[in-house]
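Here is the structure we will look at, set down as structure tokens.
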């Protein structure tokens, strides 16, 4: 296991002074009481701060809302798991037998949590400067991506642009049902496109939210 940890350190481009921090950051709760749950809590805050600070400096003309959406996009679980897979993090996790048999080393939530825990371990071992350097290294391609601001567009706008680029008809949103009490209504919307077989659905506390969710579902279907 020592060789594996050394290999992971090379992938992270970081040498631990206290390897115990890394071992705990890699230990799932199914594998023992000295697990990564507390590290995950700390790592989540460290990551959020570093990304927020970087976005604040990179995009001086963005509003608070735009910066918040960019940060949410970059620190969401799916993004963390994607980065974790790039460094083969699942190969180094300490899992209980049940989690191991069920493929926990591939699970998005576990990979995301473990990556946050590792960031906390680096912070505890080497301080904030070290943690920031590693975070920016891991995120460099995403922060430099010219399409990063694409996530600022809402789902209906993204779907419309995709359809126009693909020479499809524009989507139609139909309110199919409203249920619940007046103060807690649920709106149901169907999204269809002429000439396209797929149908998407969205539900939300208002029509606008339901349409956005239906558009998001349709875009995911079309993009596969």
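The backbone N, Cα and C atoms fix where each Cβ goes, and this holds for glycine too.
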Exercise. Which candidate from 37, 40, 194 does Swiss-Prot annotate alongside 113, 116 at the Mg(2+) binding site?
Worked result: 40
Problem set entry | Distant-in-sequence Cβ neighbours of residue 44 (active site), under 8 Å, six or more positions away | 75, 116
Seminar exercise, completed: Counting other CB atoms within 10 Å of each candidate's CB, the least crowded of the binding-site residues 40, 113, 116 is 40
Exercise. Which residue counts does DSSP yield for the domain 'DRBM' (154-224) in the helix, strand and coil classes, in that order?
Worked result: 31 helix, 22 strand, 18 coil
Problem set entry | Extra residues within 8 Å (Cβ to Cβ centroid of 40, 113, 116), Mg(2+) | 36, 37, 39, 41, 43, 44, 112, 114, 115, 117, 120
Problem set entry | residue 116 (Mg(2+) binding site) in three-state DSSP notation | helix
